[in-house]
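Annotated features in TrEMBL:
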COMPBIAS  1-16  compositional bias 'Pro residues'
COMPBIAS  28-37  compositional bias 'Basic residues'
REGION    1-49  region 'Disordered'
REPEAT    187-221  repeat 'PPR'
REPEAT    222-256  repeat 'PPR'
REPEAT    258-292  repeat 'PPR'
REPEAT    293-327  repeat 'PPR'
REPEAT    328-362  repeat 'PPR'
REPEAT    363-397  repeat 'PPR'
REPEAT    398-432  repeat 'PPR'
Amino acid sequence: MHSPSPLPPTNSPSPAPVVSRAPVVPASRRRHQRRKPPSSPSTPDAEQPDALARILRTEAAVSGVSRKAAATRQQSTRLWPRAVLEALDSAVAACRWDSALEIFELLRKQHWYEPRSQTYARLLMMLGKCRQPGPATALFKSMLSERLRPTVDVYTALVGAYGYSGLLEEALATIDQMKGAADCKPDGYTFSVLIDCCAKSRRFDLIPAVLDEMSYLGLECNSVIHNAIINGYGKAGMLEEMESALSKMLESGDNVPDIYTMNSIIWAYGNYGRTDEMEKWYNEFELMGVEPDTKTFNIMIKSYGKAGMYDKMMSIFKYMKRRFFSPTAVTFNIVIECFGRAGNIEKMEYYFRLMKIQGMKPNPVTYCSLVNGYSKAGLVDKVPGIIRQTENTDVVLDTPFFNCVISAYAKSGDIKIMEEMLQLMKDKKCKPDKVTYATMIQAYTANGMDEAARLLELEAGGFDKKLLGPVSEVDGK
């Protein structure tokens, strides 16, 4: 493997600044001359404070829109368009689907609102990522009520919303509905989403019929579809079928393997502990001309760590630097997690310090790995220090982090602190999920606290039902 030659330095010396002499003002005029305020907009020095003020005003407006969307009684119809649209964009980008739908309802009430199919397509794509088919159905019906004609993008997003939630019958029904609509036939991207949904749901039996239908419609099987099938087999542990799908991709002649193919194959073998074959395929792809990326090395580091091959894991970490791949926060998170899982607290803490020294910002995954490592080593007394560290940063703690903390105290039998962590979780606006409730109920039962377990089961009782709505009748008829 050849390492690229280092790039020439780009920090050439900058030219010396030109000194401009101010005009000489007579003393008699100087006394009567008014001094310009330092924050005058006409001076270049004022541009940065003015820009900062605009940003702060915009952020305050966006935050205000989010609050107004949550407060049903104080919904104005004359809000600033930019603030509403930026608040919606922020919620969609962060996949905060409930906030996004509240802001969208507020948007629809504005006097300047005009329905756009692109907005509905983005929202439906977000709901697909969040596995929310019920709200997706309701949103599609809202679109029809506004007399908007669904586009290919809207239908494709709806296929994903159903398919990624495992509702493949509804996804196939949406495809049939597309075929019956004027100027809205499913395209290659629509079928690639459908096949990806089938692969992720491990319904490989449906894929041949979908491919036949594509061929009937004159659509070719592209590299995206091949990669989706290969990745699906790999995730399911069907490694022989994965290699067969790769052979079909190579035999087609029109689609060459790319970095996505490489990473799928390497992940599959590495995840199932077959590191020799992982190394073999790494070399094969390099011979095909496919260059690895940071994700490739992260996959290999995690695979070696999972197999307990820590020397090879760190050799890849060092090799990345020789190949001019800078370790990312994900890389450090993997190393920290692997050493924590192995009970090597010294190295876990070392790489956490190194991560911060190298300017990488720890995130909730980092802190979650630290908590799990301390819990496994029986050092639960160090967990409060981790929580204090997060309070001194801008890291927004999420539900998985609190699940790690609650699990750590549940395993150590500290029931009171576990309950305090649940309350802290709610105070931080993190919603408990099924993992939270299952962990606590199991801890209560193990400690003979049957009444507490029963009460928590009642609290968690409506958890599944309140998020899902009806998912049939997508045509709104």
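The backbone N, Cα and C atoms fix where each Cβ goes, glycine too.
The DSSP breakdown of the repeat 'PPR' (222-256), given as helix, strand and coil counts, is 27 helix, 0 strand, 8 coil.
Outside the repeat 'PPR' (222-256), and at least 6 residues removed from its termini, the chain residues within Cβ reach (under 8 Å) are 188-189, 191-192, 195-196, 198-200, 202, 204, 207, 211, 264-265, 267-269, 271-272, 274, 288. If one looks beyond the repeat 'PPR' (293-327) by at least 6 residues along the same chain, the residues whose Cβ comes under 8 Å of a Cβ in the stretch are 1, 3-4, 6, 259, 262-263, 266-267, 269-271, 273, 275, 278, 282, 334-335, 337-339, 341-342, 358, 360. Nonlocal intrachain contacts for the repeat 'PPR' (363-397), taken as residues 6+ away from its ends with a CB within less than 8 angstroms of a stretch CB, comprise 329, 332-333, 336-337, 339-341, 343, 345, 348, 352, 355, 404-405, 407-409, 411-412, 414, 424, 428, 430.
Secondary structure of the repeat 'PPR' (328-362) per DSSP, as helix, strand and coil residue counts: 26 helix, 0 strand, 9 coil.
Secondary structure of the repeat 'PPR' (398-432), assigned with DSSP and counted as helix (H, G, I), strand (E, B) and coil, comes to 27 helix, 0 strand, 8 coil.
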